[in-house]
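**Q** Got a structure for you, questions after.
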Amino acid sequence: MLRDPSIKYRPFPPIVLPDRQWPSRTITKAPRWLSTDLRDGNQALIDPMDAEKKQRFFDLICRVGIKEIEVGFPSAGATEFDFISGLVRENRIPDDVTVQVLTQARRDLIDTTFESLRGAKTGIVHVYNAVSPAWRKIVFGMSRDEVKQIAIDAAMMLRDNAAAQPDTDWRFEYSPETFSTAEIDFSVEVCAAVMDVLRPTADRPIIFNLPATVECATPNVYADQIEYFCRNIPNRDAVIVSLHTHNDRGTGVAAAELGMMAGADRVEGCLLGNGERTGNCDLVTVAMNLYTQGVDPGLDFSDIDEVVKTVEYCTNIPVHPRTPYAGDLVFTAFSGSHQDAIKKGFAAQEAKNDTLWEVPYLPIDPADLGRSYEAVIRVNSQSGKGGVAWVLEQDKGLKLPKRMQADFSRHVQRLADESSRELNAADIWGAFVQAYRLEQPQRFALGAYDETRAPNGDRIFAGSIEVDGVQQSVSGRGNGLISSVVAAIKEGFGIDLDVSDYAEHAIGHGSGAQAAAYVECRTPDGRTIWGVGIDEDVATASVRAILSAASAVE
Ligand code: KIV
Ligand code: ZN
């Protein structure tokens, strides 16, 4: 890299718009959405989609609720043309969906493009030519007027071809390609010239799609360009201002959002941001960003995993695990402090009376995207007691008392350090079984027992306990079941435990419900031991918990 990059790169010149309004606006409604997955997205693939994949992607786009779909570039070749004309011929376009087709501004290509939609009820023909200085100078060697004339000629061809196929309700889209790097007054001038030919009205507006073909500036500059365009294009009512951002600087979504604030009506992009180079604007992110501000995007991503699966299948490109809203890891916390806060957040969310979402570290409820809570917290060597307790609760329904969480997390930490890998729910359950001596056969196996009351109200525990394969009858007396069991094991096995804490809860509901009991015990030599019992019967669970603690004493 250069010590002085200014000898090679220049800063993008700002737009002069001192009274810009967009910074103090907020987005309060969804834009019109256009998916260009089957065109811009497809053009960027190593292996462009075949007809089967295109149809699958088309169905997905319809399912999520996008009503305008750019289905391809019909003049590019037979695969494209046949897929598009097949959609029309075989009546595969839902009534509420309008397909859009792209063409360069050349007569033969425009003719083929109209031909591909012959018989369609509606269709948007999208024509483009590049307008910025670098393209004019380097690619075409043309003046501003010559470039403008290309757009005017294309508009006349659109008008005439549409008139020759009057059974279709034609709409037009014009893109001054490379808009974001062009002189803004020239972009307006070219679009105005296109309007002079096509004469749009508020009832039959033209779409002016303003691409950041290559993203070259901070997103505020794009917003300035959009606001300038909206203010200066004649007959604004007859224009749908459409955004088409790419992501070269990593701000494609931000540019689209600021562009909406600046007055645009429509957003073009791809699901999960596939597209040339660093991709097109990610429509899932823009839509879900609106959703998290309380604005209905009008799209349905409630099964985001299905979206990811289909996009990966059709594009043959894996979705990054950190992709906003959709990646495998975006609702997962590994770090202990995050896990703790999330766990508290879920508990507070459950306890409060309103539905407003307020869970630390989770900007959205994963359930809204069809994601389960299980994956929210995952355990590795960075995790803490809250995370471990969460996994146990989600997986086994066990709600460990606070101090026991700390005790168990030490066991899990040791395992995570030893194994240097993520621990799954089965690993954590294995560690729990081992830590609290729940493996079968247990050292003390509870047989039949009875609990009776003495005349003074004391409880008497009498039962059989198998120790190392040998049945033994024991009994003990105390002011409750727990103390009577503690007395019985002292009497029968010489094990002296002082119970300092006890907790129990149900696991599940209805006929399959079980009970879990936890005891914290002190031994005469000052050790703290935890015991756990699980049984269909809550009293038996507590007896088992004492036996689990007793089995830690040699
Ligand atoms: O990025 C771009 O400029 C395009 C145009 C064809 C709209 O994809
Ligand atoms: Zn593009």
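Quick reminder: no glycine exception, Cβ is built from N, Cα and C everywhere.
Note: TrEMBL annotation is automatic and uncurated.
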**Q** TrEMBL records D40, H244, H246 as Mg(2+)-binding residues. Which of N220, N274, N280 is assigned to the same site?
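**A** Site partner of D40, H244, H246 for Mg(2+), according to TrEMBL: N280.
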**Q** With DSSP, how much of the region 'Regulatory domain' (439-554) is helix, how much strand and how much coil, in residues?
**A** 29 helix, 55 strand, 32 coil
**Q** For the recorded Mg(2+) site, enumerate neighbouring residues of the same chain (Cβ within 8 Å of the Cβ centroid of D40, H244, H246, N280, site residues themselves excluded), in sequence order.
**A** T36, P211, A212, T213, T245, G252, E268, G269, C270, G275, E276, G279, C281
**Q** Filter the binding-site residues D40, H244, N280 down to those with CB closer than 6 A to an atom of ligand 1; keep them in sequence order.
**A** D40, H244
**Q** Would you count the other CB atoms within 10 A of the CB of H244 (Mg(2+) binding site), including those on all shown protein chains?
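**A** I count 29 other Cβ atoms within 10 Å of it.
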